[in-house]
(Lines of atoms letter the chains of each structure in order from A and count residues from 1; the text may use other names and numbers.)
(Lines give C-alpha, C1' and ligand atoms only; values in the text may rest on other atoms or scores of the structure.)
Protein backbone atom coordinates (compact mmCIF):
# COMPACT_ATOMS: atom_id res chain seq x y z
CA UNK A 1 0.00 0.00 0.00
CA UNK A 2 1.27 3.47 -0.81
CA UNK A 3 2.37 5.63 2.06
CA UNK A 4 -0.13 8.31 2.96
CA UNK A 5 1.18 9.39 6.36
CA UNK A 6 2.35 12.93 7.12
CA UNK A 7 1.50 16.16 5.37
CA UNK A 8 3.74 15.97 2.31
CA UNK A 9 2.58 17.98 -0.69
CA UNK A 10 3.39 18.18 -4.38
CA UNK A 11 4.40 21.75 -5.10
CA UNK A 12 4.21 21.36 -8.86
CA UNK A 13 3.49 18.65 -11.41
CA UNK A 14 4.35 19.70 -14.98
CA UNK A 15 3.89 17.43 -17.98
CA UNK A 16 4.99 17.67 -21.61
CA UNK A 17 3.39 15.12 -23.96
CA UNK A 18 4.87 14.84 -27.46
CA UNK A 19 2.69 12.81 -29.81
CA UNK A 20 4.48 11.05 -32.69
CA UNK A 21 3.12 10.10 -36.13
CA UNK A 22 3.09 6.41 -35.14
CA UNK A 23 0.60 7.34 -32.37
CA UNK A 24 3.06 6.79 -29.55
CA UNK A 25 3.55 9.54 -26.97
CA UNK A 26 6.70 10.63 -25.18
CA UNK A 27 5.69 11.86 -21.73
CA UNK A 28 8.05 13.97 -19.63
CA UNK A 29 7.00 14.70 -16.04
CA UNK A 30 8.73 17.21 -13.75
CA UNK A 31 7.60 16.75 -10.16
CA UNK A 32 8.59 18.90 -7.19
CA UNK A 33 7.76 17.05 -3.99
CA UNK A 34 7.89 18.65 -0.54
CA UNK A 35 8.68 16.08 2.17
CA UNK A 36 7.65 17.22 5.66
CA UNK A 37 8.57 13.90 7.24
CA UNK A 38 11.44 11.55 6.56
CA UNK A 39 10.90 9.90 3.18
CA UNK A 40 13.00 7.93 0.72
CA UNK A 41 11.68 9.62 -2.41
CA UNK A 42 8.66 9.29 -4.70
CA UNK A 43 7.01 6.49 -6.58
CA UNK A 44 5.00 6.55 -9.75
CA UNK A 45 2.28 4.03 -10.65
CA UNK A 46 1.62 4.13 -14.39
CA UNK A 47 -1.33 2.11 -15.73
CA UNK A 48 -0.71 0.19 -18.94
CA UNK A 49 -4.22 -1.22 -19.31
CA UNK A 50 -7.03 1.32 -19.76
CA UNK A 51 -10.33 1.68 -21.56
CA UNK A 52 -8.27 2.54 -24.64
CA UNK A 53 -6.59 -0.85 -24.59
CA UNK A 54 -3.28 -2.26 -23.41
CA UNK A 55 -0.29 0.04 -23.87
CA UNK A 56 3.39 -0.74 -24.11
CA UNK A 57 5.90 1.32 -22.16
CA UNK A 58 9.52 1.82 -23.24
CA UNK A 59 12.51 4.19 -23.09
CA UNK A 60 12.25 5.11 -19.41
CA UNK A 61 14.66 7.81 -18.23
CA UNK A 62 14.79 9.18 -14.67
CA UNK A 63 16.76 12.01 -13.08
CA UNK A 64 16.67 13.91 -9.78
CA UNK A 65 17.79 17.31 -8.56
CA UNK A 66 21.25 17.82 -7.06
CA UNK A 67 21.54 16.17 -3.66
CA UNK A 68 18.43 14.03 -4.20
CA UNK A 69 18.93 10.22 -4.17
CA UNK A 70 18.18 9.05 -7.70
CA UNK A 71 18.16 5.24 -7.35
CA UNK A 72 15.46 3.69 -9.54
CA UNK A 73 13.55 0.41 -9.22
CA UNK A 74 10.92 -0.74 -11.69
CA UNK A 75 8.42 -3.54 -11.02
CA UNK A 76 5.40 -4.86 -12.84
CA UNK A 77 2.16 -4.54 -10.92
CA UNK A 78 -1.38 -5.46 -11.83
CA UNK A 79 -2.25 -3.73 -15.13
CA UNK A 80 0.76 -1.42 -14.94
CA UNK A 81 4.24 -0.63 -13.71
CA UNK A 82 5.61 0.89 -10.49
CA UNK A 83 8.63 3.18 -10.61
CA UNK A 84 10.35 4.09 -7.34
CA UNK A 85 12.94 6.85 -7.19
CA UNK A 86 15.07 7.15 -4.06
CA UNK A 87 17.40 5.24 -1.80
CA UNK A 88 15.70 2.73 0.55
CA UNK A 89 18.58 3.26 3.01
CA UNK A 90 18.43 7.07 2.95
CA UNK A 91 15.68 9.51 3.92
CA UNK A 92 15.20 13.10 2.81
CA UNK A 93 13.10 16.09 3.82
CA UNK A 94 12.30 19.39 2.17
CA UNK A 95 11.72 20.10 -1.53
CA UNK A 96 13.19 17.74 -4.14
CA UNK A 97 12.68 17.64 -7.90
CA UNK A 98 12.29 14.54 -10.08
CA UNK A 99 12.02 14.10 -13.84
CA UNK A 100 10.65 11.03 -15.60
CA UNK A 101 10.51 10.49 -19.34
CA UNK A 102 8.93 7.45 -20.98
CA UNK A 103 7.10 6.42 -24.14
CA UNK A 104 3.60 4.93 -24.20
CA UNK A 105 2.36 3.46 -27.44
CA UNK A 106 -1.01 3.60 -29.16
CA UNK A 107 -2.52 6.52 -27.24
CA UNK A 108 -4.38 8.08 -30.17
CA UNK A 109 -8.01 7.03 -30.65
CA UNK A 110 -10.15 7.56 -33.74
CA UNK A 111 -13.58 8.97 -32.90
CA UNK A 112 -16.15 10.32 -35.36
CA UNK A 113 -13.58 10.65 -38.12
CA UNK A 114 -11.10 12.60 -35.99
CA UNK A 115 -7.94 11.74 -34.09
CA UNK A 116 -8.27 12.32 -30.34
CA UNK A 117 -5.33 12.47 -27.95
CA UNK A 118 -6.77 11.94 -24.47
CA UNK A 119 -4.18 11.84 -21.70
CA UNK A 120 -4.27 11.68 -17.92
CA UNK A 121 -1.62 13.56 -15.97
CA UNK A 122 -2.55 11.81 -12.74
CA UNK A 123 -5.61 9.89 -11.64
CA UNK A 124 -4.81 8.69 -8.11
CA UNK A 125 -2.03 10.80 -6.57
CA UNK A 126 -1.47 10.40 -2.82
CA UNK A 127 -0.65 14.01 -1.89
CA UNK A 128 -2.24 17.37 -2.55
CA UNK A 129 -0.97 18.97 -5.78
CA UNK A 130 -0.59 22.76 -5.59
CA UNK A 131 -0.21 23.40 -9.33
CA UNK A 132 -0.41 21.14 -12.36
CA UNK A 133 0.27 22.11 -15.96
CA UNK A 134 0.06 20.00 -19.08
CA UNK A 135 1.33 20.69 -22.60
CA UNK A 136 0.59 18.60 -25.69
CA UNK A 137 2.32 18.85 -29.07
CA UNK A 138 1.85 16.75 -32.20
CA UNK A 139 2.62 16.81 -35.96
CA UNK A 140 -0.60 18.57 -36.89
CA UNK A 141 -2.86 21.52 -36.18
CA UNK A 142 -5.46 20.86 -33.47
CA UNK A 143 -9.13 21.65 -33.90
CA UNK A 144 -10.28 21.53 -30.28
CA UNK A 145 -8.89 21.30 -26.74
CA UNK A 146 -10.53 20.68 -23.38
CA UNK A 147 -9.59 19.31 -19.96
CA UNK A 148 -11.23 18.00 -16.79
CA UNK A 149 -10.34 17.85 -13.09
CA UNK A 150 -11.73 16.09 -10.02
CA UNK A 151 -12.52 12.58 -8.93
CA UNK A 152 -12.89 9.79 -11.45
CA UNK A 153 -15.61 10.55 -14.03
CA UNK A 154 -15.84 14.18 -12.90
CA UNK A 155 -16.98 16.53 -15.70
CA UNK A 156 -15.62 19.65 -13.98
CA UNK A 157 -13.69 21.74 -16.49
CA UNK A 158 -10.12 22.66 -15.70
CA UNK A 159 -8.86 26.21 -15.07
CA UNK A 160 -7.56 26.85 -18.57
CA UNK A 161 -7.26 25.08 -21.92
CA UNK A 162 -5.70 26.93 -24.85
CA UNK A 163 -5.01 25.94 -28.45
CA UNK A 164 -1.44 26.22 -29.70
CA UNK A 165 -0.03 25.79 -33.19
CA UNK A 166 0.47 22.05 -32.76
CA UNK A 167 -1.42 21.17 -29.59
CA UNK A 168 -2.59 22.80 -26.40
CA UNK A 169 -1.63 24.04 -22.95
CA UNK A 170 -3.63 23.28 -19.85
CA UNK A 171 -3.68 24.02 -16.12
CA UNK A 172 -5.89 22.94 -13.24
CA UNK A 173 -6.71 26.43 -11.96
CA UNK A 174 -6.96 25.06 -8.42
CA UNK A 175 -5.42 22.67 -5.93
CA UNK A 176 -5.88 18.97 -6.57
CA UNK A 177 -6.79 17.03 -3.46
CA UNK A 178 -5.43 13.48 -2.94
CA UNK A 179 -7.17 11.05 -5.30
CA UNK A 180 -8.32 13.73 -7.76
CA UNK A 181 -7.25 13.50 -11.37
CA UNK A 182 -6.57 15.62 -14.43
CA UNK A 183 -7.30 14.74 -18.07
CA UNK A 184 -6.39 16.72 -21.19
CA UNK A 185 -7.95 16.21 -24.63
CA UNK A 186 -6.70 17.49 -27.97
CA UNK A 187 -8.52 16.75 -31.24
CA UNK A 188 -6.67 16.65 -34.57
CA UNK A 189 -7.63 15.96 -38.18
CA UNK A 190 -7.40 12.28 -39.01
CA UNK A 191 -4.54 12.79 -41.48
CA UNK A 192 -2.28 14.06 -38.68
CA UNK A 193 -1.65 10.43 -37.71
CA UNK A 194 -1.54 8.25 -40.83
CA UNK A 195 -1.98 4.59 -39.96
CA UNK A 196 1.24 2.70 -40.50
CA UNK A 197 2.89 -0.36 -39.08
CA UNK A 198 5.37 0.04 -36.25
CA UNK A 199 7.72 -2.60 -34.92
CA UNK A 200 7.78 -2.66 -31.15
CA UNK A 201 9.56 -5.20 -28.96
CA UNK A 202 7.09 -7.41 -27.10
CA UNK A 203 7.59 -7.00 -23.38
CA UNK A 204 5.73 -6.31 -20.20
CA UNK A 205 2.17 -7.65 -19.85
CA UNK A 206 1.92 -8.63 -23.55
CA UNK A 207 4.95 -10.90 -23.30
CA UNK A 208 3.58 -12.42 -20.10
CA UNK A 209 0.22 -13.03 -21.76
CA UNK A 210 1.86 -14.75 -24.72
CA UNK A 211 3.88 -17.03 -22.45
CA UNK A 212 0.89 -17.83 -20.22
CA UNK A 213 -1.46 -18.57 -23.12
CA UNK A 214 1.17 -20.64 -24.91
CA UNK A 215 1.67 -22.80 -21.82
CA UNK A 216 -2.08 -23.08 -21.19
CA UNK A 217 -2.81 -24.06 -24.80
CA UNK A 218 -0.01 -26.60 -24.62
CA UNK A 219 -1.48 -28.03 -21.41
CA UNK A 220 -4.96 -28.30 -22.94
CA UNK A 221 -3.49 -29.96 -26.03
CA UNK A 222 -1.50 -32.36 -23.85
CA UNK A 223 -4.60 -33.16 -21.80
CA UNK A 224 -6.57 -33.81 -25.00
CA UNK A 225 -3.87 -36.07 -26.43
CA UNK A 226 -3.59 -38.00 -23.18
CA UNK A 227 -7.37 -38.38 -23.02
CA UNK A 228 -7.51 -39.68 -26.61
CA UNK A 229 -4.60 -42.08 -26.06
CA UNK A 230 -6.07 -43.41 -22.83
CA UNK A 231 -9.51 -43.73 -24.44
CA UNK A 232 -8.00 -45.83 -27.23
CA UNK A 233 -6.18 -47.95 -24.67
CA UNK A 234 -9.39 -48.34 -22.67
CA UNK A 235 -11.27 -49.41 -25.80
CA UNK A 236 -8.57 -51.94 -26.64
CA UNK A 237 -8.76 -53.21 -23.07
CA UNK A 238 -12.54 -53.51 -23.29
CA UNK A 239 -12.24 -55.38 -26.59
CA UNK A 240 -9.96 -57.93 -24.95
CA UNK A 241 -12.65 -58.58 -22.32
CA UNK A 242 -15.56 -59.16 -24.75
CA UNK A 243 -15.07 -62.93 -24.59
CA UNK A 244 -15.81 -62.80 -20.85
CA UNK A 245 -19.34 -61.56 -21.58
CA UNK A 246 -20.39 -64.95 -22.99
CA UNK A 247 -19.81 -66.72 -19.70
CA UNK A 248 -21.63 -66.22 -16.43
CA UNK A 249 -25.03 -64.86 -15.51
CA UNK A 250 -27.36 -63.02 -17.87
CA UNK A 251 -30.47 -61.02 -17.16
CA UNK A 252 -33.77 -62.96 -17.49
CA UNK A 253 -35.64 -62.28 -20.74
CA UNK A 254 -39.05 -63.01 -22.20
CA UNK A 255 -39.40 -66.61 -23.43
CA UNK A 256 -39.96 -65.57 -27.05
CA UNK A 257 -37.04 -63.16 -27.31
CA UNK A 258 -34.35 -64.32 -29.68
CA UNK A 259 -31.05 -64.96 -27.93
CA UNK A 260 -27.56 -65.33 -29.37
CA UNK A 261 -25.94 -68.72 -29.51
CA UNK A 262 -23.24 -69.70 -27.02
CA UNK A 263 -20.20 -69.08 -29.29
CA UNK A 264 -21.11 -65.72 -30.86
CA UNK A 265 -17.81 -65.55 -32.76
CA UNK A 266 -19.11 -62.66 -34.88
CA UNK A 267 -19.05 -60.41 -31.80
CA UNK A 268 -15.39 -61.01 -30.97
CA UNK A 269 -13.58 -57.82 -31.97
CA UNK A 270 -10.53 -58.12 -34.21
CA UNK A 271 -9.81 -54.39 -34.55
CA UNK A 272 -10.34 -52.58 -31.21
CA UNK A 273 -10.44 -49.13 -32.86
CA UNK A 274 -13.14 -50.05 -35.41
CA UNK A 275 -16.87 -49.85 -34.69
CA UNK A 276 -18.16 -52.65 -32.51
CA UNK A 277 -19.90 -55.37 -34.56
CA UNK A 278 -23.61 -54.86 -35.08
CA UNK A 279 -25.70 -56.77 -32.51
CA UNK A 280 -29.40 -57.52 -32.85
CA UNK A 281 -29.98 -58.74 -29.30
CA UNK A 282 -29.26 -56.83 -26.08
CA UNK A 283 -25.93 -58.03 -24.66
CA UNK A 284 -26.49 -60.34 -21.67
CA UNK A 285 -30.24 -59.73 -22.20
CA UNK A 286 -29.83 -56.45 -20.31
CA UNK A 287 -32.98 -54.39 -19.96
CA UNK A 288 -32.96 -50.68 -20.97
CA UNK A 289 -32.34 -49.35 -17.45
CA UNK A 290 -29.38 -51.67 -16.85
CA UNK A 291 -27.92 -50.85 -20.25
CA UNK A 292 -28.22 -47.09 -19.77
CA UNK A 293 -26.79 -47.18 -16.24
CA UNK A 294 -23.87 -49.36 -17.31
CA UNK A 295 -23.03 -47.18 -20.29
CA UNK A 296 -23.28 -43.75 -18.61
CA UNK A 297 -22.44 -44.66 -14.97
CA UNK A 298 -22.45 -41.53 -12.75
CA UNK A 299 -23.63 -39.22 -15.56
CA UNK A 300 -26.73 -41.25 -16.32
CA UNK A 301 -29.90 -39.30 -17.15
CA UNK A 302 -32.10 -40.41 -14.24
CA UNK A 303 -35.45 -39.09 -15.60
CA UNK A 304 -34.77 -40.95 -18.86
CA UNK A 305 -33.80 -44.05 -16.89
CA UNK A 306 -37.14 -44.07 -15.05
CA UNK A 307 -39.15 -43.43 -18.22
CA UNK A 308 -37.37 -46.18 -20.18
CA UNK A 309 -38.10 -48.63 -17.36
CA UNK A 310 -41.85 -47.95 -17.48
CA UNK A 311 -41.92 -48.14 -21.30
CA UNK A 312 -40.10 -51.49 -21.13
CA UNK A 313 -42.57 -52.78 -18.54
CA UNK A 314 -45.44 -51.80 -20.83
CA UNK A 315 -43.73 -53.33 -23.88
CA UNK A 316 -43.25 -56.60 -21.98
CA UNK A 317 -46.91 -56.70 -20.97
CA UNK A 318 -46.25 -56.12 -17.28
CA UNK A 319 -48.45 -53.01 -17.15
CA UNK A 320 -50.99 -51.27 -19.35
CA UNK A 321 -50.75 -47.58 -20.19
CA UNK A 322 -53.70 -45.44 -21.20
CA UNK A 323 -53.42 -41.89 -22.50
CA UNK A 324 -56.31 -39.71 -21.33
CA UNK A 325 -54.98 -36.49 -22.91
CA UNK A 326 -51.62 -34.94 -23.79
CA UNK A 327 -50.05 -35.04 -20.31
CA UNK A 328 -52.44 -37.38 -18.56
CA UNK A 329 -51.50 -41.05 -18.48
CA UNK A 330 -52.91 -43.91 -16.41
CA UNK A 331 -50.82 -46.94 -15.48
CA UNK A 332 -52.47 -50.26 -14.59
CA UNK A 333 -50.66 -53.35 -13.31
CA UNK A 334 -51.54 -56.81 -14.63
CA UNK A 335 -52.51 -59.53 -12.19
CA UNK A 336 -50.53 -62.13 -14.11
CA UNK A 337 -46.96 -61.21 -14.99
CA UNK A 338 -45.41 -62.70 -18.18
CA UNK A 339 -41.94 -62.66 -16.62
CA UNK A 340 -40.37 -62.20 -13.17
CA UNK A 341 -40.29 -58.61 -11.93
CA UNK A 342 -36.81 -57.34 -11.18
CA UNK A 343 -36.29 -55.70 -7.78
CA UNK A 344 -35.78 -52.16 -9.11
CA UNK A 345 -38.82 -52.55 -11.37
CA UNK A 346 -40.86 -53.52 -8.32
CA UNK A 347 -39.58 -50.41 -6.51
CA UNK A 348 -40.75 -48.22 -9.40
CA UNK A 349 -44.14 -49.95 -9.69
CA UNK A 350 -44.81 -49.55 -5.97
CA UNK A 351 -43.79 -45.88 -6.16
CA UNK A 352 -46.17 -45.36 -9.08
CA UNK A 353 -49.15 -47.36 -7.81
CA UNK A 354 -48.77 -47.68 -4.06
CA UNK A 355 -51.24 -50.30 -2.88
CA UNK A 356 -53.59 -49.81 -5.85
CA UNK A 357 -53.68 -51.50 -9.25
CA UNK A 358 -54.31 -48.33 -11.23
CA UNK A 359 -53.22 -44.71 -10.89
CA UNK A 360 -52.74 -41.50 -12.84
CA UNK A 361 -49.02 -40.78 -13.34
CA UNK A 362 -49.28 -37.16 -12.24
CA UNK A 363 -50.26 -38.32 -8.73
CA UNK A 364 -47.03 -40.29 -8.23
CA UNK A 365 -44.43 -37.49 -8.11
CA UNK A 366 -43.88 -37.76 -4.37
CA UNK A 367 -43.70 -41.54 -4.36
CA UNK A 368 -41.21 -41.76 -7.22
CA UNK A 369 -39.01 -39.00 -5.80
CA UNK A 370 -38.92 -40.65 -2.39
CA UNK A 371 -38.14 -44.07 -3.89
CA UNK A 372 -35.31 -42.92 -6.15
CA UNK A 373 -32.54 -43.98 -3.77
CA UNK A 374 -34.01 -47.48 -3.44
CA UNK A 375 -34.51 -47.76 -7.21
CA UNK A 376 -30.90 -46.85 -8.03
CA UNK A 377 -29.54 -49.05 -5.25
CA UNK A 378 -31.52 -52.06 -6.50
CA UNK A 379 -30.44 -51.39 -10.09
CA UNK A 380 -26.77 -51.20 -9.08
CA UNK A 381 -27.12 -54.39 -7.03
CA UNK A 382 -28.50 -56.09 -10.14
CA UNK A 383 -25.42 -55.02 -12.15
CA UNK A 384 -23.11 -56.12 -9.34
CA UNK A 385 -24.85 -59.51 -9.32
CA UNK A 386 -24.13 -59.84 -13.05
CA UNK A 387 -20.46 -59.07 -12.33
CA UNK A 388 -20.54 -55.91 -14.45
CA UNK A 389 -19.68 -53.16 -11.96
CA UNK A 390 -17.62 -52.98 -8.79
CA UNK A 391 -19.61 -52.73 -5.53
CA UNK A 392 -19.91 -49.26 -4.03
CA UNK A 393 -18.32 -47.42 -6.97
CA UNK A 394 -21.43 -45.90 -8.54
CA UNK A 395 -23.14 -42.66 -7.58
CA UNK A 396 -25.83 -40.70 -9.37
CA UNK A 397 -27.24 -37.21 -9.71
CA UNK A 398 -30.97 -36.92 -10.08
CA UNK A 399 -31.00 -33.83 -12.32
CA UNK A 400 -28.98 -32.33 -15.14
CA UNK A 401 -27.38 -29.90 -12.66
CA UNK A 402 -25.29 -32.34 -10.62
CA UNK A 403 -23.12 -31.41 -7.71
CA UNK A 404 -20.17 -32.56 -9.78
CA UNK A 405 -20.61 -29.56 -12.09
CA UNK A 406 -20.55 -27.21 -9.12
CA UNK A 407 -17.50 -28.97 -7.72
CA UNK A 408 -15.73 -28.69 -11.08
CA UNK A 409 -16.57 -24.99 -11.26
CA UNK A 410 -15.29 -24.42 -7.73
CA UNK A 411 -12.10 -26.31 -8.51
CA UNK A 412 -11.52 -24.23 -11.63
CA UNK A 413 -12.12 -21.05 -9.65
CA UNK A 414 -9.70 -22.13 -6.93
CA UNK A 415 -7.07 -23.01 -9.53
CA UNK A 416 -7.37 -19.59 -11.13
CA UNK A 417 -7.26 -17.85 -7.75
CA UNK A 418 -4.20 -19.79 -6.59
CA UNK A 419 -2.56 -19.20 -9.97
CA UNK A 420 -3.04 -15.46 -9.62
CA UNK A 421 -1.68 -15.41 -6.07
CA UNK A 422 1.22 -17.66 -7.01
CA UNK A 423 2.08 -15.52 -10.01
CA UNK A 424 2.05 -12.34 -7.90
CA UNK A 425 4.28 -13.90 -5.23
CA UNK A 426 6.73 -15.45 -7.67
CA UNK A 427 6.97 -12.36 -9.86
CA UNK A 428 8.54 -10.29 -7.08
CA UNK A 429 11.23 -12.93 -6.56
CA UNK A 430 11.80 -14.62 -9.91
CA UNK A 431 10.72 -12.16 -12.57
CA UNK A 432 7.66 -11.97 -14.77
CA UNK A 433 8.44 -14.42 -17.57
CA UNK A 434 9.85 -17.13 -15.29
CA UNK A 435 6.84 -16.77 -12.98
CA UNK A 436 4.49 -17.12 -15.96
CA UNK A 437 6.29 -20.29 -17.03
CA UNK A 438 6.15 -21.77 -13.52
CA UNK A 439 2.46 -20.99 -12.97
CA UNK A 440 1.58 -22.15 -16.48
CA UNK A 441 3.51 -25.36 -15.92
CA UNK A 442 1.62 -26.04 -12.70
CA UNK A 443 -1.70 -25.46 -14.47
CA UNK A 444 -0.60 -27.77 -17.27
CA UNK A 445 0.28 -30.48 -14.75
CA UNK A 446 -3.10 -30.10 -13.04
CA UNK A 447 -4.98 -30.38 -16.36
CA UNK A 448 -3.04 -33.51 -17.31
CA UNK A 449 -3.47 -35.14 -13.90
CA UNK A 450 -7.21 -34.41 -13.96
CA UNK A 451 -7.53 -35.95 -17.44
CA UNK A 452 -5.71 -39.09 -16.31
CA UNK A 453 -7.64 -39.32 -13.03
CA UNK A 454 -11.01 -38.92 -14.74
CA UNK A 455 -10.38 -41.82 -17.12
CA UNK A 456 -8.88 -43.97 -14.38
CA UNK A 457 -11.81 -43.38 -12.02
CA UNK A 458 -14.25 -44.28 -14.82
CA UNK A 459 -12.50 -47.59 -15.48
CA UNK A 460 -12.43 -48.47 -11.79
CA UNK A 461 -16.24 -48.56 -11.73
CA UNK A 462 -16.32 -51.58 -14.06
CA UNK A 463 -15.29 -55.18 -13.80
CA UNK A 464 -13.49 -56.74 -16.78
CA UNK A 465 -16.76 -58.31 -17.86
CA UNK A 466 -18.48 -54.94 -17.50
CA UNK A 467 -15.95 -53.21 -19.76
CA UNK A 468 -16.50 -55.80 -22.46
CA UNK A 469 -20.27 -55.41 -22.12
CA UNK A 470 -20.08 -51.62 -22.50
CA UNK A 471 -18.31 -52.08 -25.83
CA UNK A 472 -20.97 -54.54 -26.95
CA UNK A 473 -23.68 -52.02 -26.03
CA UNK A 474 -22.27 -49.70 -28.70
CA UNK A 475 -22.73 -52.53 -31.20
CA UNK A 476 -26.35 -52.98 -30.11
CA UNK A 477 -26.91 -49.22 -30.42
CA UNK A 478 -25.86 -49.48 -34.08
CA UNK A 479 -28.94 -51.62 -34.61
CA UNK A 480 -31.14 -48.56 -34.00
CA UNK A 481 -29.11 -46.28 -36.26
CA UNK A 482 -29.10 -48.64 -39.26
CA UNK A 483 -32.57 -48.73 -40.82
CA UNK A 484 -31.66 -51.70 -43.05
CA UNK A 485 -30.63 -53.67 -39.99
CA UNK A 486 -33.89 -52.76 -38.28
CA UNK A 487 -35.98 -54.05 -41.18
CA UNK A 488 -33.87 -57.16 -41.72
CA UNK A 489 -34.04 -58.25 -38.11
CA UNK A 490 -37.56 -57.15 -37.30
CA UNK A 491 -38.98 -58.88 -40.36
CA UNK A 492 -38.49 -62.19 -38.58
CA UNK A 493 -40.27 -61.07 -35.44
CA UNK A 494 -42.76 -58.23 -35.73
CA UNK A 495 -43.08 -58.13 -31.92
CA UNK A 496 -39.53 -56.79 -31.81
CA UNK A 497 -40.80 -53.28 -32.57
CA UNK A 498 -42.83 -53.36 -29.38
CA UNK A 499 -40.28 -55.22 -27.25
CA UNK A 500 -37.41 -52.87 -28.12
CA UNK A 501 -39.29 -49.61 -27.59
CA UNK A 502 -37.78 -49.22 -24.11
CA UNK A 503 -34.28 -49.53 -25.60
CA UNK A 504 -35.11 -46.92 -28.23
CA UNK A 505 -36.12 -44.55 -25.43
CA UNK A 506 -33.04 -45.27 -23.33
CA UNK A 507 -30.59 -44.95 -26.23
CA UNK A 508 -32.26 -41.88 -27.75
CA UNK A 509 -33.33 -43.44 -31.06
CA UNK A 510 -37.12 -43.25 -30.86
CA UNK A 511 -37.53 -41.36 -34.14
CA UNK A 512 -35.47 -43.89 -36.11
CA UNK A 513 -37.26 -46.79 -34.45
CA UNK A 514 -40.76 -45.46 -35.05
CA UNK A 515 -39.83 -44.40 -38.58
CA UNK A 516 -38.85 -47.98 -39.44
CA UNK A 517 -42.16 -49.46 -38.27
CA UNK A 518 -44.60 -50.79 -40.86
CA UNK A 519 -48.01 -49.12 -40.64
CA UNK A 520 -49.70 -52.24 -39.29
CA UNK A 521 -47.18 -52.34 -36.44
CA UNK A 522 -47.15 -48.63 -35.55
CA UNK A 523 -50.93 -48.58 -35.21
CA UNK A 524 -51.18 -51.85 -33.27
CA UNK A 525 -52.21 -51.37 -29.65
CA UNK A 526 -50.18 -52.13 -26.56
CA UNK A 527 -52.98 -52.09 -24.03
CA UNK A 528 -54.81 -48.92 -25.04
CA UNK A 529 -51.84 -47.16 -26.67
CA UNK A 530 -50.49 -47.57 -30.24
CA UNK A 531 -46.96 -48.97 -30.37
CA UNK A 532 -45.66 -45.81 -32.07
CA UNK A 533 -47.03 -43.62 -29.24
CA UNK A 534 -45.69 -45.77 -26.42
CA UNK A 535 -42.53 -43.68 -26.10
CA UNK A 536 -44.54 -40.49 -25.52
CA UNK A 537 -44.84 -41.39 -21.84
CA UNK A 538 -41.12 -40.59 -21.57
CA UNK A 539 -42.03 -36.90 -21.93
CA UNK A 540 -44.44 -36.92 -18.99
CA UNK A 541 -43.48 -34.21 -16.44
CA UNK A 542 -43.51 -36.84 -13.67
CA UNK A 543 -39.94 -37.96 -14.33
CA UNK A 544 -38.29 -34.57 -14.14
CA UNK A 545 -40.49 -33.45 -11.24
CA UNK A 546 -39.60 -36.57 -9.24
CA UNK A 547 -35.89 -36.05 -9.86
CA UNK A 548 -36.12 -32.42 -8.79
CA UNK A 549 -37.99 -33.45 -5.66
CA UNK A 550 -35.21 -35.88 -4.82
CA UNK A 551 -32.54 -33.24 -5.46
CA UNK A 552 -34.32 -30.68 -3.30
CA UNK A 553 -34.55 -33.15 -0.43
CA UNK A 554 -30.94 -34.34 -0.62
CA UNK A 555 -28.97 -31.23 -1.55
CA UNK A 556 -27.89 -28.46 0.77
CA UNK A 557 -27.96 -25.33 -1.32
CA UNK A 558 -25.72 -22.37 -0.66
CA UNK A 559 -25.48 -19.18 -2.62
CA UNK A 560 -22.86 -16.52 -2.56
CA UNK A 561 -23.17 -13.06 -4.05
CA UNK A 562 -20.27 -11.20 -5.51
CA UNK A 563 -20.14 -7.69 -6.79
CA UNK A 564 -17.64 -6.25 -9.19
CA UNK A 565 -16.82 -3.07 -11.00
CA UNK A 566 -17.37 -2.19 -14.59
CA UNK A 567 -15.49 -0.34 -17.26
CA UNK A 568 -15.72 2.96 -19.01
CA UNK A 569 -15.30 4.29 -22.51
CA UNK A 570 -15.06 7.52 -24.39
CA UNK A 571 -14.10 10.87 -22.87
CA UNK A 572 -15.61 14.00 -21.39
CA UNK A 573 -14.57 13.37 -17.81
CA UNK A 574 -11.60 13.09 -15.50
CA UNK A 575 -9.75 9.77 -15.68
CA UNK A 576 -10.83 8.86 -19.21
CA UNK A 577 -7.44 8.93 -20.89
CA UNK A 578 -4.22 7.01 -21.26
CA UNK A 579 -1.24 7.28 -18.96
CA UNK A 580 -1.79 9.04 -15.66
CA UNK A 581 -1.97 6.78 -12.65
CA UNK A 582 -0.94 7.38 -9.08
CA UNK A 583 2.03 7.64 -6.79
CA UNK A 584 3.46 10.01 -4.23
CA UNK A 585 5.91 9.88 -1.37
CA UNK A 586 7.38 6.65 -0.06
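Placement of Cβ uses the backbone N, Cα and C atoms for every residue, glycine included.
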Note to self: Quick check on the annotations: TrEMBL lists transmembrane segment for one of 355-378, 379-402, 403-426. Which range is it?
What the structure shows: 403-426
Checklist line | Which listed span TrEMBL calls transmembrane segment, if the choices are 300-321, 322-343, 432-453, 454-475 | finding: 432-453
Next item on the list: From the ranges 182-205, 206-229, 230-253, 254-277, grab the one TrEMBL calls transmembrane segment.
Entry: 206-229
Next item on the list: Check the domain 'DUF2207' (11-187) for me and report the mean pLDDT.
Entry: 89
